[in-house]
Amino acid sequence: MGMWASLDALWEMPAEKRIFGAVLLFSWTVYLWETFLAQRQRRIYKTTTHVPPELGQIMDSETFEKSRLYQLDKSTFSFWSGLYSEIEGTLILLFGGIPYLWRLSGRFCGYAGFGPEYEITQSLVFLLLATLFSALTGLPWSLYNTFVIEEKHGFNQQTLGFFMKDAIKKFVVTQCILLPVSSLLLYIIKIGGDYFFIYAWLFTLVVSLVLVTIYADYIAPLFDKFTPLPEGKLKEEIEVMAKSIDFPLTKVYVVEGSKRSSHSNAYFYGFFKNKRIVLFDTLLEEYSVLNKDIQEDSGMEPRNEEEGNSEEIKAKVKNKKQGCKNEEVLAVLGHELGHWKLGHTVKNIIISQMNSFLCFFLFAVLIGRKELFAAFGFYDSQPTLIGLLIIFQFIFSPYNEVLSFCLTVLSRRFEFQADAFAKKLGKAKDLYSALIKLNKDNLGFPVSDWLFSMWHYSHPPLLERLQALKSMKQH
């Protein structure tokens, strides 16, 4: 009886109270679900202390233990940062943080001589203050993650000065993109008439395509050093492979990722006939700073050193040698180019734009509902930016969760297909060894809870990918 009475009471509440209660309830439901999944995975980290038999050939016990402890630390950090984030979000909603920040933005505009009729100006001040608040509250967590967890496990390569300079640069670059784009979007919504959602969607489509085009040439070099891959065997083989599948490659770059972290990666970008490949220096065995340091260490030792010391050097090289051989790098690129050849990139863009159009259409349907604004403390005004925030972030959150899960499932399917494509290029053996090396270099833990991996992993677990490649190799 008690439960039904409380449900009746909920339905008797005004519409805005019901909306607010539902948003908070859903937010905590998602948080508790995520925490439940994380605890399941954490139990695996805690109890799987020995290399399982099926991984015996893949991972030595020392690397296994290192990756277990790394993932355990990351899991603890994720729990506390997630809890903080959920409590912070709840308190902002309960104590009217959003309307307060809107009023504060209006006050700042007033000081500069802009009245309430300058809604777009007030919206930009609101965005600036909101992103500044977010950056400042996130900074301690980011510092701890980089200088405690990543440092402890040997990944962090940044100094505090570099980190802070980087954070300020990121904030400034973000504002330079966010503020002009937002002001234009708000203007389009204001003047677009009944079909504003079509114009708003087309505008965001153009902006996203422009950003993808300019990112690697103009934005990424502000943060990292990109150098063309020197002429040599690796570059020739990359060009031959690209030509064999009609990939319109124009340049191959090496990015100095080792300045910030020893994690490794590779990607391609560009539209139409202007594609570039980017390799992290940490991916390439002969470029890795870590390997150069080891060579210098071993080079400093006298030649007639006692055997004990030379054994130490050998052990150091064995444990620390990082990156992939040229054949393995080609196999990784074969996988990445598979995403292009099989149309995965285009499919992802189409799904993203269909979703964007649907969201703008629903936004157009809901923007006139005053109770949505009232639910979040906006009784007298309905600013467009606040409407976007409420509808996209809070009202759409159940839909966003479902969509995110579906895209994760699709991504895993794409990964298997890209592996199969690399195999067709004759790279199964090299991709097999590259995946093992990359897993070792990045301290990935190869054992996962089925429910956690199903919900979160955009890439299939290592063992599943290796088994698929093994059957391909035998076949």
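Glycine residues also receive a Cβ, built from the backbone N, Cα and C atoms like all the rest.
As recorded in TrEMBL, the features of this protein are as follows:
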- E336: active site (ACT_SITE)
- D419: active site, proton donor (ACT_SITE)
- H335, H339, E415: Zn(2+) binding site (BINDING)
- 41-225: domain 'CAAX prenyl protease 1 N-terminal' (DOMAIN)
- 229-472: domain 'Peptidase M48' (DOMAIN)
- 20-38: transmembrane segment (TRANSMEM)
- 77-102: transmembrane segment (TRANSMEM)
- 122-144: transmembrane segment (TRANSMEM)
- 171-189: transmembrane segment (TRANSMEM)
- 195-216: transmembrane segment (TRANSMEM)
- 357-379: transmembrane segment (TRANSMEM)
- 385-410: transmembrane segment (TRANSMEM)
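Sorted by the number of other CB atoms within 10 A, the recorded positions E336, E415, D419 start with E336, the lowest. Counting only the Cα atoms, the space from H339 (Zn(2+) binding site) to D419 (active site, proton donor) is about 9 angstrom. Within the chain, the transmembrane segment (195-216) has long-range Cβ neighbours (under 8 A, six or more residues past its boundaries) at 177, 181, 184-185, 188-189, 226, 269-271, 276, 278, 352-353, 356-357, 360-361, 363-364. Same-chain neighbours of the transmembrane segment (20-38): 10, 13, 75, 78-79, 82, 86, 89-90, 93-94, 375-376, 394-395, 397-398, 401, 449, 451-452, 455-456, counting only residues six or more beyond its ends whose CB sits under 8 Å from a CB of the stretch. When the neighbouring Cβ atoms lying within 10 Å are counted for each of the binding-site residues (H335, H339), the highest count belongs to H335. The record gives H335, H339, E415 for Zn(2+). Within 8 Å of the mean position of their Cβ atoms, the other Cβ atoms in that chain belong to E336, G338, H344, F414, Q417, A418, D419, F421, A422. Taking the Cα atom of each, E336 (active site) and the residue listed as 'active site, proton donor' are about 9 angstrom apart. Spacing of D419 (active site, proton donor) relative to H335 (Zn(2+) binding site) is 5 Å (Cα to Cα, whole number). Over the domain 'CAAX prenyl protease 1 N-terminal' (41-225) the predicted model carries a mean pLDDT of 95.
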